[in-house]
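> Quick one: the structure is below, and I'll ask about it shortly.
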Amino acid sequence: MMSFPIALFADVNQSFRANLVVSSYHHAITFPTVRGANFSTFFPRNFSVSADVWLCGANFSQEWQLMQPVCSTKYDSITIFITVAVVLTLITLWTILGNFFVLMALYRYGTLRTMSNCLIGNLAISDLLLAVTVLPISTVHDLLGYWVFGEFTCTLWLCMDVLYCTASIWGLCTVAFDRYLATVYPVWYHDQRSVRKAVGCIVFVWIFSIVISFAPFIGWQHMIPSFFSFNASIQRYQCILFTSSSYVLYSSMGSFVIPAILMAFMYVRIFVVLHNQSRGVKFKSGLKISSSKYNGCPVINEPSREGINGLGRDVTNTTLLSDAVGSSADLTSNGKDDPRVLATAPIELTEDVPPLNGHHHRTVHETPYVSGLHTKRSNSFALPTELEKKCKPLTNNILHMMDFDRRNSHNAVIQRSASEMVNLDVSKHELLISNVCHRSKSATALTSETGDPLGSLAGPRRSLQCNVGGLVRNKHMTLSMKRRFELREQRATKRMLLIMACFCVCWMPFLFMYILRSVCDTCHMNQHFVAAIIWLGYVNSSLNPVLYTLFNDDFKVAFKRLIGARSPSAYRSPGPRR
């Protein structure tokens, strides 16, 4: 037995020497005893008070009393005890501060209150409540190794734990669902998104979580008395996690398995869509510029469909024209300006149609391979703008289409400036052109439906006549756009993998342990191992503010402003982002 002298001050005039004794009985760390001081008035008589040590469990009353000698039955080293206490306290504080800053940013800056960010705010609420109400009690419970807060608190603590953890996991699922819709169905998402729908998702999360967490009071009332039970080996009461196999199966399916499967499916689908977008850009390198001219313009020849990386007739390549054009374009028909159309995305040219009046007429589709919806058998060229150069590409872009009547064809001119224009032979119908540069990752559509014929595309060969002042840069622009899409795909992929990896690492061990304890009564698990797995699940709530906000530039700016770090970028108001 080893003693550590500690000076304690009983009052202003007198100090006492004390010994902090590490007892070999139950390997317990006990509080110091002070010679000359009588503590028997503070504790019941059935507690043994010796001159040197309080034995953790000696003559212990089986009725819970707050004033019993508090000691740890879990650690036999003061160094390990303090280290664990510091780590658990830091996790709790970080979870509180991180999620508090997320909510403060949403409260202070109204421009952040988009549908996606409202779902992130709901996630922060569940994580914050978990950190405030559950984690402090869990810290004390895991440090001492037994329960000191009474039977009612035990039952309430277990239910609150399940409630907030379930709400947090389903909050992650709603965020994934929101991004899934925005990426895979951008047109529908742009039309249907609203704060009301976000509130509906939030209400569903909490109702479902309440049904899961408070089910013991409805269908499993017989197991409630087993939560708070006496452990004879340590002479202490314990608050035991659910062990009923039927309830464990019910809660694990609703709280972990189903949302995990949904999240995995949605993130894989998002990855596939982003990968297809990247492939779409990679394919746009096969058009060649011939030395011949048509009406004084260089001619862009299209490659054969069979010679493109074995893709057959599904997709063909594009050439990208000048990047020095303006940020918008006015569409003119019959010499009259029509400012209702803003062209900021690639336009794809599809199959030849039967010749009419000696010319080959063709249908034009605007399909920038950005929404996972791509048009087969298409050849395309792109007109990037300065606006597109400045903005970050994103996943929420819209597939739009221009259908034209072959019989009513006129000349249409997309006019960039006095010296930069592209003549297209197209015909009438409707034009839907997307804004591919919305920085908030939301889809913004500019729609124009006109009854005027838009012209027709003429030319005896598979070619495009243009007059862009010699600004055609096929190779360099294609490589630049290809690189941008590759980088965007890499960033999005890494972020999705990080989110799923953190979720699986944090919660899957708990899921296996949770199920194993219920089906195997004879399986003995080390108490330190069980506590580490439980806290690993709690850590996910401390990582969520990092994963879902610090990758968002607007949230980073808001955080800097909240803490007073006035960087130059922090002076602008955060804008909505998806």
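Using N, Cα and C of the backbone, Cβ positions are placed for all residues, glycine too.
Source: prediction; values computed, not measured.
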> C71, C118, C201, C239: which one closes the disulfide with C154 in Swiss-Prot?
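Here Swiss-Prot pairs C154 in a disulfide with C239.
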> Going by what Swiss-Prot says, which of N231, N540 is noted as N-linked glycosylation site?
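Cross-referencing N231, N540 with Swiss-Prot, N-linked glycosylation site lands on N231.
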> Which residue among N13, N276 does Swiss-Prot mark as N-linked glycosylation site?
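Going through N13, N276 one by one, Swiss-Prot annotates N13 as N-linked glycosylation site.
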> Confirm whether, per Swiss-Prot, S226 lies on the same side of the membrane as G145.
yes
> According to Swiss-Prot, which residue out of N59, N317 bears the annotation N-linked glycosylation site?
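Among N59, N317, the residue Swiss-Prot annotates as N-linked glycosylation site is N59.
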> Given a Cβ distance threshold of under 8 angstroms, which distant residues of the chain, six or more beyond its ends, lie next to the transmembrane segment (157-177)?
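Distant Cβ neighbours of the transmembrane segment (157-177) are 116, 119-120, 122-123, 126-127, 129-130, 133-134, 137-138, 149, 201-202, 204-206, 208-210, 212-214, 216, 227, 239, 241-242, 251, 254-256, 259-260, 262-263, 266-267, 499, 503, 507, 537, 540-541, 544, 548.
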> Can you tell me how far the Cα of N231 (N-linked glycosylation site) sits from the Cα of C239 (disulfide bond), in Å?
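Rounded to the nearest whole number, the Cα-Cα distance is 10 Å.
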> Across all the protein chains here, work out how many other Cβ atoms are within 10 Å of the Cβ of C154 (disulfide bond).
22
> Report the same-chain neighbours of C239 (disulfide bond): residues 6+ apart in sequence with Cβ closer than 8 Å to its Cβ, ordered by sequence.
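For C239 (disulfide bond), the qualifying residues are H141, W147, F149, C154, W157, L158, F227, F228.
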> Other than its close neighbours in sequence, what residues sit by the topological domain 'Extracellular' (140-156), given a CB gap under 8 Å and a spacing of at least six beyond its ends?
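Tertiary neighbours of the topological domain 'Extracellular' (140-156) are 64, 66, 68, 70-75, 81, 84-85, 88, 224, 227-228, 231, 234, 236-239, 527, 531, 534-535.
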> Just to be sure I understand, if DSSP states are collapsed into helix, strand and coil, how many residues of the topological domain 'Cytoplasmic' (108-117) fall in each?
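Once the DSSP states are binned, the topological domain 'Cytoplasmic' (108-117) shows 7 helix, 0 strand, 3 coil.
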> Looking only at the topological domain 'Extracellular' (140-156), what are its DSSP counts of helix, strand and coil residues?
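Helix, strand, coil within the topological domain 'Extracellular' (140-156): 11 helix, 0 strand, 6 coil.
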